[in-house]
Amino acid sequence: MAFATRQLVRSLSSSSTAAASAKKILVKHVTVIGGGLMGAGIAQVAAATGHTVVLVDQTEDILAKSKKGIEESLRKVAKKKFAENPKAGDEFVEKTLSSISTSTDAASVVHSTDLVVEAIVENLKVKSELFKRLDKFAAEHTIFASNTSSLQITSLANATTRQDRFAGLHFFNPVPLMKLVEVVKTPMTSQKTLESLVDFSKTLGKHPVSCKDTPGFIVNRLLVPYLIEAVRLYERGDASKEDIDTAMKLGAGYPMGPFELLDYVGLDTTKFIIDGWHEMDSQNPLFQPSPAMNKLVAENKFGKKTGEGFYKYK
């Protein structure tokens, strides 16, 4: 009798999970974990397009800083969007801000959300532990998504019991301005989950593209090897960094040269990505670390944010 009861419970649980994954979700309520630049940007665009948002971080001070940054960003948007009607711009800012609440307790706010978007530190263990904990409190239908740019989505999904309702949702910086969103599907991501995230991205005014869970997805898989190859040209003495930048801007039509872009993104960020890929596939020639970049990072010369990278900034 006890065995039969356990089997029935398992069957009902399995049926419930299958039903949740088979159903397309209209995302109205969004929980964003991480109040940094990316998380705040995601919260801003979600709230500005009619979604109810809860922004979560570790302390009230961080959240206050995040909301202040969101307000400043919104006022810039309003100034341009409502140039002829400042009053309407003020109303837009206030309405958007009123749609964003904050919390320092993620577990207490995910029970009724439709979508959880994680945008915290790029650390597999930290992210996995977060998702494992939230999985116990989130509703059955809730979709989990990570904004990671370098970690494997499948590894994060495996920390939960909702692998079919788990995907990558990779925004680009600055989120309010950049139109692209990469929707990353693992082998377990259901078609309905994928469709739900594509639809959600469109409601944000973004252009979603879908891809498999491979290193770098689409943009970084093409961009990072290009940047590293530019550094190798420089390391070999084939050309100066200034001439390489000029060549790519004037010859390829790129708005920034590779060294300018590396300094803008952050050499520490690029090193983190390439090191992670190298760890996954050390034989891939595209994933080989750069001695010149490693040296700069070791000297805490990360680019524009530290005042010096490949170039010096005043």
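Quick reminder: no glycine exception, Cβ is built from N, Cα and C everywhere.
Per Swiss-Prot, transit peptide is recorded for 1-12.
If you look up Swiss-Prot, you'll see Gly34, Gly35, Gly36, Leu37, Met38, Gly39, Asp57, Glu122, Lys127, Ser149, Asn173, Lys305 marked as NAD(+) binding site. Taking a C-beta cut-off of under 8 angstroms and a sequence separation of 6 or more, Gly36 (NAD(+) binding site) has the following same-chain neighbours: Asp57, Ser66, Ala119, Ile120.
The CoA binding site annotation in Swiss-Prot covers Ser73, Lys80, Ser149 and rests on similarity to another entry. On its own chain, Ser73 (CoA binding site) has Ala40, Gly41, Gln44, Pro176 as residues at least 6 apart in sequence with a Cβ closer than 8 Å to its own Cβ.
Counting only residues at least six positions away in the same chain, no Cβ atom sits under 8 Å from the Cβ of Lys80 (CoA binding site). Annotation comment: Swiss-Prot describes Lys80 (among others) as N6-succinyllysine, evidence class similarity to another entry.
Taking Cβ-Cβ distances under 8 Å and a sequence separation of 6 or more, the neighbours of Lys81 (N6-acetyllysine) in its chain are Gly89, Phe92. Among the features that Swiss-Prot reports, N6-acetyllysine is placed at Lys81 (among others), with the record citing similarity to another entry.
Long-range Cβ proximity for Lys87 (N6-succinyllysine), meaning a same-chain Cβ under 8 A and a gap of 6 or more residues, is found for none. Annotation comment: Swiss-Prot describes Lys87 (among others) as N6-succinyllysine, evidence class similarity to another entry.
The N6-acetyllysine annotation in Swiss-Prot covers Lys87 (among others) and rests on similarity to another entry. Secondary structure from DSSP puts Lys87 (N6-succinyllysine) in a helix.
According to Swiss-Prot, the feature N6-acetyllysine maps to Lys125 (among others). DSSP assigns Lys125 (N6-acetyllysine) to a helical segment in the three-state reduction. The Cβ of Lys125 (N6-acetyllysine) has 8 other Cβ atoms within 10 Å, all protein chains considered.
Lys136 (N6-succinyllysine) counts 10 other C-beta atoms within 10 Å of its own C-beta, drawing on all protein chains shown. As annotated by Swiss-Prot, N6-succinyllysine applies to Lys136 (among others).
Under the heading site 'Important for catalytic activity', Swiss-Prot lists His170, citing similarity to another entry as support. Counting only same-chain residues at least 6 apart in sequence, those with a Cβ under 8 Å from the Cβ of His170 (site 'Important for catalytic activity') are Asn147, Thr148, Ser149, Val181, Glu182, Val183, Val184, Phe217.
Within the same chain, residues at least six positions away from Lys185 (N6-acetyllysine) with a Cβ under 8 Å of its Cβ are Ala167, Gly168, Thr193, Leu194, Ser210, Cys211, Lys212, Asp213. The N6-acetyllysine annotation in Swiss-Prot covers Lys185 (among others).
Residues annotated as N6-acetyllysine in Swiss-Prot, with similarity to another entry given as evidence: Lys202 (among others). The Cβ of Lys202 (N6-acetyllysine) lies under 8 Å from the Cβ of Pro208, each on the same chain and at least six residues away in sequence. The secondary structure of Lys202 (N6-acetyllysine), as reduced to three states from DSSP, is helical.
Per Swiss-Prot, the feature N6-succinyllysine maps to Lys202 (among others); the stated evidence is similarity to another entry.
Sequence-distant neighbours of Lys206 (N6-succinyllysine) (same chain, six or more apart, CB under 8 Å from its CB) are Val45, Phe171, Lys179, Leu180, Val181, listed in sequence order. The feature N6-succinyllysine is assigned by Swiss-Prot to Lys206 (among others), with similarity to another entry given as support.
Counting only residues at least six positions away in the same chain, the Cβ atoms of Tyr234, Gly257, Phe259, Phe310, Tyr311 sit under 8 Å from the Cβ of Lys241 (N6-succinyllysine). In the three-state DSSP assignment, the secondary structure recorded for Lys241 (N6-succinyllysine) is helix. What Swiss-Prot lists as N6-succinyllysine is Lys241 (among others), and the listing cites similarity to another entry.
Around Lys312 (N6-acetyllysine), a 10 Å sphere centred on its CB holds 9 further CB atoms from the protein chains shown. The annotation N6-acetyllysine is assigned in Swiss-Prot to Lys312 (among others) on the grounds of similarity to another entry.
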Spacing of the two Cα atoms, Asn173 (NAD(+) binding site) and Lys312 (N6-acetyllysine), in whole angstrom, works out to 22
Given the binding-site residues Ser149, Asn173, the candidate whose Cβ has the fewest other Cβ atoms within 10 Å is Asn173
Maximum Cα-Cα separation (Å), residues Gly34, Gly35, Gly36, Leu37, Met38, Gly39, Asp57, Glu122, Lys127, Ser149, Asn173, Lys305 listed as binding NAD(+): 25
Cα separation, Lys136 (N6-succinyllysine) to Lys127 (NAD(+) binding site) (Å, whole number): 15
Lys185 (N6-acetyllysine): secondary structure state under DSSP, collapsed to three categories: strand
When you measure from the Cβ of Met38 (NAD(+) binding site), how many other Cβ atoms are you left with inside 10 Å? 21
Cβ contacts within 10 Å for Gly34 (NAD(+) binding site), all chains included, total 25
